[in-house]
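For reference, Swiss-Prot has these:
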BINDING   12, 32, 33, 34, 35, 36, 37, 38, 137  ATP binding site
COILED    198-451  coiled coil
REGION    345-383  region 'Disordered'
COMPBIAS  345-365  compositional bias 'Basic and acidic residues'
COMPBIAS  374-383  compositional bias 'Basic and acidic residues'
REGION    397-436  region 'Disordered'
DOMAIN    404-506  domain 'Zinc-hook'
COMPBIAS  414-436  compositional bias 'Basic and acidic residues'
BINDING   454, 457  Zn(2+) binding site
COILED    477-506  coiled coil
REGION    507-578  region 'Disordered'
COMPBIAS  507-546  compositional bias 'Basic and acidic residues'
COMPBIAS  554-569  compositional bias 'Basic and acidic residues'
COILED    564-594  coiled coil
REGION    621-655  region 'Disordered'
COMPBIAS  621-642  compositional bias 'Basic and acidic residues'
COILED    688-721  coiled coil
């Protein structure tokens with residue numbers, strides 16, 4: 001894997017930066033704090049998002065910006081990839097607004113999905129990336145300072161041996177699960193076998209035979225009673241049939257008599273209706289004659305010769321033609337009148353609009369004039385403020401003429417003096433502590449002397465004062481008191497110097513603030529001068545425009561008056577045409593009257609004819625009804641002769657006897673017998689169910705036995721798998737330890753050839769031991785700071801080589817990234833680091849990125865990148881440059 005391009009906007013100190021990254025060794029060079037590490041952090045953040053941050057998302061967005069954008073392009077395993085991320089700040093919270101990964105496999109969107117895809121591509125998450133390829137600033141001793149177990153976890157994760165441990169744990173969990181299931185199945189099997197034994201002891205087959213024999217006898221008795229019941233039902237049915245037949249004949253007789261009465265009533269009612277219809281026919285004849293007279297009068301008023309349909313249609317056609325002609329003229333006249341009125345209204349509205357616009361122009365001119373006057377007053381005020389600020393700045397510059405530093409350097413002076421005061425205070429505190437201890441020792445010596453004991457050893461002495469030790473301690477106390485007084489004087493002097501520096505910083509701060517205010521006042525003066533001129537010109541232009549609009553409005557009002565007069569003339573023509581149309585409507589109403597009377601007369605005649613037909617129909621219906629009445633009276637007489645009352649009484653007695661027998665058998669005898677049979681059947685069913693349960697239990701026992709055998713086999717297989725994973729992990733770890741130890745010593749020999757150290761031992765638990773030339777074993781913590789740094793870099797490079805050569809033959813690892821690796825190194829050790837970088841490059845590492853402010857690394861670079869920060873804007877910039885240019889720039893610095 002190789003980075004090819006990084007582009008960032010509003011990322012930490014960068015406002016807008018873009019850098020192409022090439023193969024070989026790239027040194028990113030610049031002074032401390034210029035933003036070099038932020039370039040590498042941008043690459044790391046593009047790959048892993050928030051997991052690559054020590055803080056929060058808000059930390060990556062440039063202060064004062066609303067969002068940040070990062071684009072990283074890289075090649076991996078022959079494919080080209082591009083990641084775009086955008087972080088947006090809303091309020092106090094930052095979120096990922098966009099995260100897209102484009103590659104040969106397609107597009108992946110979303111921060112989590114992109115992070116998972118990157119981890120899958122590189123076969124390492126953010127933590128593994130840092131442990132393998134990215135030596136972050138300040139973390140150069142991370143692997144050395146880690147415990148062996150921590151180091152083991154880091155390296156195992158990188159080599160993916162952690163997966164074997166995960167598989168072993170899964171197999172162990174599976175083994176425990178199988179043991180739980182096996183225990184449960186064995187318990188169930190024992191329970192089933194005890195149930196089978198209990199049922200076999202109950203002799204269920206003999207019990208079933210006895211119950212079935214008793215049940216057959218009871219079924220025979222029930223069958224006999226049911227046969228007698230069926231015979232009684234037959235007798236009951238025959239008696240009921242006789243009674244039903246008699247009832248049916250009686251019902252039919254009643255129906256016929258009812259039908260005779262209905263027919264007689266209907267014949268009488270229809271005869272009454274025929275008389276009423278004859279009266280209504282006579283009334284309709286009289287009404288038709290009266291309508292004939294009304295039609296003659298209407299014809300005379302309508303100026304028609306006859307009331308035929310042709311005459312009425314001709315008259316209507318003539319009226320329609322005249323009406324069409326009048327309406328065309330009326331429509332044309334109305335259109336003209338409306339057009340004149342619309343034109344007049346539009347002209348009046350246009351005049352009103354022009355007058356309104358003229359008034360607005362005049363008001364706007366007044367506003368512009370007032371704005372110009374106000375801006376002129378503000379202009380005078382700003383000029384006075386500028387003079388005051390300029391005077392204050394001159395005073396501040398005069399204050400620094402006698403100061404030990406220039407204006408703008410007071411903060412550095414204050415920091416130096418504060419550090420000096422802190423050092424003096426620390427020395428004073430140490431001296432006071434030593435003085436306190438010396439006084440305590442002197443007091444103890446005097447106490448021992450007074451007690452007749454040696455001040456040195458505390459043993460009793462005889463006659464010897466032994467004052468030498470006491471004199472020395474008194475001299476020490478006096479010396480420390482003198483030192484304390486000197487240090488107190490130094491602290492007081494340095495505190496006064498700090499106060500003086502603080503006063504200068506305050507003056508400098510006020511001067512900076514006034515300089516900013518002066519720039520702002522200059523901008524406002526220029527703005528107000530422009531406002532005065534532009535507003536006065538605008539006011540004059542608007543007054544001229546208002547006069548032109550008033551003149552145009554007067555012309556529009558005169559034109560509106562002319563069009564209104566034309567509209568009134570056309571309106572008179574409209575009134576005349578509407579009067580002619582009203583006359584035509586009167587003639588049409590008279591025609592409608594004639595036509596209505598003719599239609600009414602025709603309706604009366606039609607109604608009369610329908611009533612006559614209905615009267616004849618009723619006469620025919622009554623003739624048919626009288627024939628039906630004669631037939632029903634004959635049928636009634638025949639039915640009266642067929643009814644036998646004695647047969648009916650005999651049938652009633654037989655029905656009563658049969659019903660009494662059926663009631664006793666069905667309500668008492670058969671229910672009791674059936675209840676006994678149901679009880680026996682239930683008992684038989686219970687025994688049969690127990691026999692079926694016995695068969696089921698035997699089948700279940702066989703199945704459980706097979707299941708237990710299978711689980712025992714699975715348990716053995718899972719146990720074997722668990723131990724296999726553990727053995728394989730231990731074997732692979734030992735092989736990796738041996739290879740890693742060899743590679744580590746190869747790298748260490750390169751770094752420390754011909755020096756005091758001979759080799760490094762890496763044990764199976766990843767414990768590290770360094771051996772000197774004389775065979776003395778040392779812990780890594782016993783090395784110097786620079787030696788530990790090179791030792792750690794050697795270990796990092798060895799791990800990188802192991803990953804590159806040991807996973808599937810050759811793994812496309814990310815670039816080797818070193819962020820400020822020289823922080824713990826002196827000049828001699830830096831040259832060893834250069835040798836190490838060249839060795840890694842010679843071993844096939846295609847891309848190495850180094851961030852450093854050290855000039856010694858420039859010579860090892862294939863590609864040089866310079867990072868600078870503008871002290872005014874606090875923004876960083878990046879550019880690629882050639883080595884001679886960089887070295888010259890460094891010399892200038």
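Glycine residues also receive a Cβ, built from the backbone N, Cα and C atoms like all the rest.
In the three-state DSSP scheme, residue 37 (ATP binding site) falls into the helix class. One way to see the shell of the ATP site is to take the Cβ centroid of 12, 32, 33, 34, 35, 36, 37, 38, 137; the remaining same-chain residues with a Cβ within 8 Å of it are 13, 30, 851, 867, 876. Take the CB of residue 137 (ATP binding site) and look out to 10 A: across all protein chains shown you find 15 other CB atoms. Helix first, then strand, then coil: DSSP counts for the region 'Disordered' (397-436) stand at 30 helix, 0 strand, 10 coil. Where the coiled coil (477-506) meets the stretches 198-451, 564-594, 688-721, the count of C-beta pairs under 8 angstroms peaks at 198-451. The least crowded of the binding-site residues 33, 35, judged by other CB atoms within 10 A of its own CB, is 33.
If you look at the compositional bias 'Basic and acidic residues' (554-569) against the compositional bias 'Basic and acidic residues' (374-383), you find fewer than three C-beta pairs under 8 angstroms, all six or more positions apart, and that falls short of contact. Ranked by number of Cβ pairs under 8 Å to the compositional bias 'Basic and acidic residues' (374-383), the listed stretches 345-365, 507-546, 621-642 are led by 507-546. Note on the region 'Disordered' (621-655): DSSP counts are 33 helix, 0 strand, 2 coil. For residue 12 (ATP binding site), the number of other Cβ atoms no farther than 10 Å from its own Cβ, over all displayed protein chains, is 19. In sequence order, 137, 819, 820, 851 are the residues near residue 37 (ATP binding site), counting only same-chain partners six or more apart with C-beta under 8 A.
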